[in-house]
Every structure is written in C-alpha cells, then in structure tokens.
Amino acid sequence: MGMALYVWAFIRLPKVLQIIEVLGPTSQRLEQSNLAHATSTFLVEFHEAQCFFVTSIEIALLYARSRIDASGSTNWASLFQFIALIEIVACAGAWTILLTQISLRRARLDSTYYLTLSTTALALAFATGATTDYPSMDEVYVFFKRHNHVPQCGNNISLRTFCLTSDHLTKPRSLKSGYFTFALIGILWYEKVFELVRNGTWFRKKHRHYLEKLHVPTVIVVMFSFAAEIATIVLLFLNLTDLIKLRRELDLGEWGVGQVIAVLVWAPVISKYLYLIMFGIEKGFLYRLSRAFMVVKRPIETENEDEDEDEDEDEDEGDTASGDTDDADTVPLVPTHRNTSAW
C-alpha cells in the first residue's frame, strides 16, 4: 500500500512542479536523474508483482471463506472479526491495483498485458467481497451448535457465544458498493482497444477516411480517471483505518510468519530499484529481451510512415533505447529517457 502511494505521488510530482514555476530548474534536474528513470522501471515491475501477489491473496481468501469451519472462531464476535478481516484485505488489494494501473496510464507505460493482470485481480477481489456475507442469528446458532454446547444445560449453546459489542457490529467498507472500479477498468479497456484498432494495419488501409473522424472522448476519460483516482485514494485510506481498528481489536501486536514472508516478497523489486538509483543502467539490463522483440514496426506498416512522420517523430526519438542498434556494444550505457507524460 505504501509503495503504491509512493509511485503515484512520484508520477504526479512533475505536474506539481510545473504549477510551481519557481522550481523549474529543479524539475529538469530531477527528470534527468537516475531516480526518475529507476522509478519508471520500478512502477512496471512493482505493478506486475503486485497483481500476482493480490491475485494469490484473493484466491486464498476465497478458499478461507469456503472453509469457515476451519477459522477457529469460538463465538459470534470472533466469527464476525474473521469475516471482516477477509473483506478488508480483499478491498486493500483492489485499491492498490487501481492506483498503480492509473499511474501506469499517466506515465504511458500501460499495456494490454498489465491491464489484463489488473482486471483479473480486481475481478477476484470483487468476487471475494461479493461472496463475503455476515451470518444471521440462525446461521450462527447452527454453526456453533456442535462447538459450544453445555452438557449441564441440556447440550444447548452457551449464551456467551452470542455476546457482541457495538464495535463488532460496525461493518468495514467493501467492494460491494465499489462498482466504479469496473467502470474505470472498462474505460481503460475502451481506450486501449480503441488505440489498438485505430493503429492496426488493416484498419489504416481499409478505413483511412474514418481516422480523422474517430477519436477517444479525451475529456470524459481524463475527468473520470481523475475522479476515480481521488476516490481510490480516499477509499484506500478509509480501508487502512478499518484495518488498523480491526488489528487493535484482535490485539495483533507481533508479526506472524506469513506477514514476514509477505513483506519479503517485495525484496527483489525494491533491491533492483535501489540499485538502479545508485548505479544506473548496466549492460545486463539492456539485453533482458531478445533482439527479435525490439522490432517496433512490421514491413507493411512502413507504407504509411511518410504520412505519420511529423506526428510520430518526437515519440520515436523518445522511445529509442540504447541497445536497439546493430552496433549496440559501442553505445555508451547511460540511463535512457523514455518520453512519457509524467517525465
């Protein structure tokens, strides 16, 4: 959660520096620093790792919800807290996924692959929240009937099983009312599919006269993305408040083995981020992909290159990385600046 907020704030920083014109030179120095280049790499790798991490958590929560008998609950209060914990953790993963996906879009680093990962994680988070229901009195009675029976009272359930305080009755905020998450993902998918179709070779050749008429409703997308961005941050902090409150109720002062392992999962991403900040890009980082994947245009697409030369000249120069040329071994290995909307 903290890393997602850090990356989001860093991507938003250039806009703040542009507003404060006095810090113009500071913005230029920061733009050319290892920190700016490393953070772009960190954002992509962090989001990918986060999607798989959250997906695995949601699957585990769905499994735990289906086996509520193994929760170890001894009364209604502990059962209520167990269900609330499932709901809070499911929501926390969803809000961070949304925040980093918006950051990727703002930095022009998003792709269909990352959008698919985000959609999968959000769908599982929504399924976890939608299937997490609080039991009624009758369901609680049936659940604890074989656990807390008192032989002296005719094998009836102890009345202490149903003791609750007002704090236990406060339900956390869930994804059941967060349908705007799917609306946001739908907008992002619409924008991505529209871009792929419009830039496709078949569409460019067959429907060239429609290109100027078709356009993404940029104003609507930007306004909705900004509103969803603010709402996501607010819900993220509200969810964090619920988690802290529940942690105090459960008296979880010390970390368990699972929490330590969950933190160490991020060690590879963070260690590489710190290394890039201190030492910059090395030759090994440039050749992570095969040279076959460095082809950015198909031969048939070059037919329309002259028409789009003026439009794409700046973008092509900004996206050319060291190591893409035939004499890549003689190219100085320096941090490569990618022309994004953020930096």
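Residue numbering: from 1, along the chain as shown.
Note that Cβ sites are derived from N, Cα and C of the backbone, with glycine treated the same way.
Between the listed ranges 32-51, 112-131, TrEMBL ties the annotation transmembrane segment to 112-131. Most Cβ pairs within less than 8 Å of the transmembrane segment (179-197), among stretches 79-100, 112-131, 218-240, belong to 112-131. When Cβ-Cβ distances below 8 Å are used as the criterion, the transmembrane segment (218-240) is approached by residues 1, 5, 8, 88, 91-92, 95-96, 98-99, 102, 105, 172-173, 178, 180, 183-184, 187, 191 of the same chain, each at least six residues removed from its ends.
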